[in-house]
Structures are given as structure tokens and as C-alpha cells.
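Report on one structure; see the data block that follows.
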Amino acid sequence: MHNTTKRVTVPALEEILYEPIKVLDYGFIRVIDYMGDDSAIVQAARVSYGKGTKQLNQDKGLINYLLRHYHTTPFEMCDIKFHIKLPIFIARQWIRHRTASVNEYSARYSILGNEFYLPEPANIASQSAVNKQCREGDSLPKEVAEKVLAILEEDARQCYGHYKELMNADEEGNIIDENATGIARELARMNLTLNYYTEWYWKINLHNLLHFLRLRADPHAQYEIRVYAEKMLEIVKAWVPFVYEAFEEYRLQGANISRKGLDVIKRMINGEKVTHETSDMTKREWEELMKIFG
């Protein structure tokens, strides 16, 4: 039977629908469903106009205008649903974005698989001395990184062994020892390390997805969540290319400047030599402003 649809479809997204996109060692992202495209945003903004009533360059210009001026509602007309497999410690950071609908694999009802994340040696670094929430840019020496990986792997395997022992069940749920009594899955799971993988379905509208990507695809974001965001950016580019171009122009590669920062720029344009001491800005504000201008 030939399936037809009257809904808008995006060929580039249809090609990757349901296909797992590998992330990290055992993780993936799959696009499960979506609604809308660039034209849906334009149509919502114009309300009374249907698809195709304006030239493409006018549609693109309108999307640029909407994003540039923070008119968010039209972007909420597009939705996308993902199936994502990710380490638990990243899931806990990810779930802080509360504007999505989420349904996670339940370790109360099912037994988690024996898959855990181990970082590449190049991504193992010490704590940053200036940023309390991230690692330094330089990797640790090879022998130190290897020791770290050995500890992480040993702990994960030992905890999973205890997990099965506590439940008295293997990965498939088969009883290990007929003469022993296991505890409930909802209790046994507490002993697993946070680098074990979980899965969830994550549905979100385009506006909130762009907000998520602006934060999580940023160079300051943790590497392990940033790589997921970078894959999602590629998906957004395939799904809504006009929106992606505007997002890249005004959010990813653009910059917000404070009133004081704008005043500094005006003074510099007028030929004044402005320093941190004469800028009325904090040291951090000044450094961030100077970074914008290279």
C-alpha cells in the first residue's frame, strides 16, 4: 500500500528519520517525528497567508527579522521528537531544560544494559582554576589519563556486577541463583555509576530547541553534552535551513552587548582610547567585550 500525506514534509529530514546518529561511544540521536518547516513559521507570522504566497527571499528575510527581534511564537509552531541514548550524568544536566516533553527508560520496570561511557583520553582534564563548573583545556598526561580510565571502568563494571547480584538477575532478567532472593529493581539501580547509559524520548518546539542549542552547543558547555547539541544543529540545518542560517547569524556567531559595552564601542569609534580602567566595566565584562572583537 502506497502511503501518502497532505502534511508538509522535509526530504532531507525524511532521509534520516528513525536512523541512529552516533554520539560518544554508545550514545545516539534518532529523529522520530517532526511537524512544520520554514514555511510553517512564515505562515504563522503572516497568519492569513498560505504557503507560497511570497518569494523565498522574502520568507527568508521574515525569518531573519523574527529571530533578530526575538519574535518567538512563530518558531513554536514547529515541533520535533527525538529518541536519545545518553549517559545518566548528562541526562541530569540536560533535564534542566524544562520546556520539553520527556519520557525516560525506567529502571524500575526494566534492567539497564551493561553500557557505560568512558571519555577519550584527550577529553580527560583537571578542574579549571578560573571556572568552577568546567575542566581545563589541556589534557592530562597519558599515564594519568589511563589511570583515570582504569578506575572509571573498574568502578562501573564492579557496580554493574553488584547491581545484578542485588537483583539476583542477569541483563535479560533471568534468575541467577534459584536459592537466593533479590531486591527490587527500583532499589538495585541506586548503586549504578552515573556514566551508565539511559534513553528517552524528547519532544520540543523549535523555539525552545534553539534556546537549548544556543547554550549547549556553546564552547563553554560540557563536552559530553555539546557533542549531542552539535549533532542536533546538523538536524536543524536539514529541517529548517532558513532558520538555521538566521540562528547561526544572530545567535551562534552573533553577540549581545551591554549598555556599557555599547558606550565603549561608541567612544572607540569617536577616536577615544578606552581602557578597562576608564570603561566603567568589571574586569570580566571588559574581557568578554574584548574577546568579541578578537
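Any Cβ shown, glycine's included, is placed from N, Cα and C.
What Swiss-Prot records for 27-250 is domain 'ThyX', and it gives sequence analysis as the kind of evidence.
Counting only residues at least six positions away in the same chain, the Cβ atoms of Gly36, Ile41, Phe75, Glu76, Met77, Cys78, Asp79, Ile80, Val236, Val240, Val243 sit under 8 Å from the Cβ of Leu206 (FAD binding site). What Swiss-Prot records for Thr73, Arg96, His97, Arg98, Glu104, Asn205, Leu206, His207, His211 is FAD binding site, and it gives sequence analysis as the kind of evidence.
Summarising the annotation, Swiss-Prot assigns dUMP binding site to Gln93, Trp94, Ile95, Arg96, Glu104, Tyr105, Ser106, Ala107, Arg108, Arg189, Arg216. The 10 Å shell around the Cβ of Arg108 (dUMP binding site) contains 9 further Cβ atoms across the protein chains shown.
Per Swiss-Prot, motif 'ThyX motif' is recorded for 96-106. Residues 112, 198-205, 208, 211-212 of the same chain lie 6+ residues outside the motif 'ThyX motif' (96-106) yet bring a C-beta within less than 8 angstroms of a C-beta in it.
Taken from Swiss-Prot, the feature active site, involved in ionization of N3 of dUMP, leading to its activation covers Arg216, and the record attributes it to sequence analysis. Look at Arg216 (dUMP binding site): DSSP puts it in a helix.
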(Q) When you rank Gln93, Ile95, Arg216 by Cα distance to Glu104 (FAD binding site), which of the binding-site residues ends up on top as the closest? (A) Ile95
Q. Taking the Cβ of His211 (FAD binding site) as reference, which residues of that chain separated by at least 6 in sequence fall under 8 Å from it?
A. His97, Thr99
Q.
Please identify which of Thr73, Gln93, Ser106 has the densest Cβ environment, defined as other Cβ atoms within 10 Å, among these binding-site residues.
A. Gln93
Q | Per DSSP, three-state class assigned to Leu206 (FAD binding site) | A | helix
